[in-house]
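Peer 1: Positions annotated as domain 'Major facilitator superfamily (MFS) profile' by TrEMBL: 20-418. Here TrEMBL flags 18-36, 56-74, 86-105, 172-194, 225-249, 261-283, 295-312, 318-340, 352-374, 394-414 as transmembrane segment.
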Amino acid sequence: MTSATSSPAVERISTRAIVVWLAATGAYVMAILGRTSMGVAGVQAMDHFHIDASRLAVFTSVQVGVYALAQIPMGMAIDLFQPRRMLVAGAIIMAAGQLILGLTSSYPVAILGRVLVGTGDASAFLSVMRLLPAWFPLRKTPLFSQLTASLGQIGQFLSAVPFLAYLEHSGWRHAFVAIGALGVLVAAACAVVVRDSPDDSPRHAHASTATSLRQRLRTVVREPVCWEGFFTHYVGLMPNLVFALLWGLPMMTLGQGLTTAQAGSIFVIGTVINVAVSPLHGILSSRFGSRRYRLTIAMNLAYFVGLGWFFSSAEPRGYGAILVAAGVGFAVVPSSNFGFDSVRESLDHRVLAAGTGLANMGGFVATMIAGQLMGVVLDSQCSDGSYTWSCFGAAWWSVFAVWLAGVVALVIIARRQRRTRLHVQFAD
C-alpha cells in the first residue's frame, strides 16, 4: 500500500473545512497546554509533592516517553476509528490526567496522571494530520500542516502566562482542575464540530476495518517513506528540543550566568519566531517536494554552525549571543515537519495516521538519547557538580554526534526512495 489512495480529491478550501480544522487544532493547542504545564509548575510541584529535582525530572521523562511510544498505536487507532472519535477520546483522557494531578498529593498517583496526559496528547497532532487531506487540496496541506504546528504553540503561551498566573494566584488544585475542565469543553467542541470528511460517510471506517492491525503495522514499518519521515523529524526537531525541553535553561543560568527571567524571555521570543516562520516552511516544503529533506539537513546544519560560533568563546557569551543562536534554532525547527508531508503524499490513506505516528517518533526518540548523553558528558566533564560554560560547550558536541547519525540514516533512506521512484517511472 504505497500509493496515496484517498477519498475524492478536494479542489478548493471551503469555510466548513476551515471550521473543522480550527476545532481540531484547538484540541492540539489543548494538548500543548497540557504537555507544557508541568514545565512551568516545577517549583510548585516540588513543594506540592515534597520531591527533589531528580524526581521532578521524571515528570518530563514520562511525558516524552509515553508520547513517543504511543505514536504508532495511536496512529493505528486513528486510522481504524477515524480522527473525530480519537480527538474526543484524547481530550477526555488528557482531562482525566490533569484532574488526577490537581486532586492528588501522592507522587506515584501524579505520575499516573502524567501518563494519561501523555497518552491523550499523542492523539491530537496525528488526528489533525489525518484530517488535512480529507478537507484540503493536497497542494495546500503542507501549508496547513505548518500552520497547525505553529498555532499549537499558543498552548505553550497559555501555560507560561495565564496558567502560571492562575497557579500562583489560586494554587495547585484549582489550576490543574481548571485545565481538566477545559479539556472536557474541548472534547465537546470536537464532538460537535469536527467531521472526518466532507461527506462524513461511514464507508471509510468499514474500509479501514477490512485491513488487519498486523497488516497495517507491517505496511508502516516496511514503508521507506515512513522512515524518511522519522529521520527528517529526528534531524529537524532534536537539536532544538534538547535545548528547549532539557538543557537550554540550565545552560543559560549556570553556564552563562543569565537570570531566570532573561532565560525565560529567550523561550518566549523563540516561540514568536517559530510561529512567524512556519507558513514559510509550508511553502518551501510544497515547492521542494521529494527534495525537502535536504532543506531540513541544511537548515539544521546552519544551526550547528551557529552553535559552533557560540561556544567558540573561552568566556561565557552574553544575552545577545544566545538570542541569535537560539533564534536560529527556533526558526529552523519547523523543518522537522517536512517528513509528514512526504508521508501524506506517498502513503495509503488507510494507514496514514499510523505512518505519521512513526514519523513523529523520530524527534522525541532522538531527544531522549541526546539529552541523556549530554547529561552523562556534563557529569564526566564537571564531576564536582559545578556545571560551567566549558562543560556545556563540550557536552553539545554529543548532541551533534547524535544528530549526525540521523543525517546519515536520512540520506541513505532518501536515496533509496529516489531510486525506487526512478524505477517506477522507468517501468511506467
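Glycine is treated like the rest: Cβ placed from N, Cα and C.
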Peer 1: So, does the transmembrane segment (172-194) come close enough to the transmembrane segment (18-36) to give 3+ Cβ pairs below 8 Å, pairs being at least 6 apart in sequence?
Peer 2: yes
Peer 1: Six or more residues beyond either end and a Cβ under 8 Å away: which residues meet both conditions relative to the transmembrane segment (318-340)?
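Peer 2: Contacts with the transmembrane segment (318-340): 129, 142, 145-146, 149-150, 228-233, 235-237, 239-241, 243-244, 248, 252, 256, 258, 262, 266, 269-271, 273-274, 277-278, 281, 285, 292-293, 295-296, 299-300, 302-303, 306-307, 309-310, 356, 359-360, 362-363.
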Peer 1: Quick one: do the transmembrane segment (225-249) and the transmembrane segment (172-194) reach 3+ CB pairs under 8 Å, ignoring pairs fewer than 6 apart in sequence?
Peer 2: no
Peer 1: Under 8 angstroms for C-beta pairs, at least 3 of them, ignoring pairs fewer than 6 apart in sequence. Is the transmembrane segment (295-312) in contact with the transmembrane segment (172-194) by that rule?
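Peer 2: By the criterion, they do not touch.
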Peer 1: On average, what pLDDT score does this prediction assign to the domain 'Major facilitator superfamily (MFS) profile' (20-418)?
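Peer 2: Across the residues of the domain 'Major facilitator superfamily (MFS) profile' (20-418) the model's pLDDT averages 89 on the 0 to 100 scale.
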Peer 1: Report, as numbers and ranges, which residues of the same chain sit near the transmembrane segment (352-374): CB under 8 Å and 6 or more residues beyond its ends.
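Peer 2: Here the qualifying positions are 61, 64-65, 67-68, 71-79, 83, 122, 125-127, 129-130, 133, 216-217, 220-221, 223, 225-227, 229-238, 241-242, 245-247, 336, 339-340, 343-344, 395-396, 398-399, 401-403, 406.
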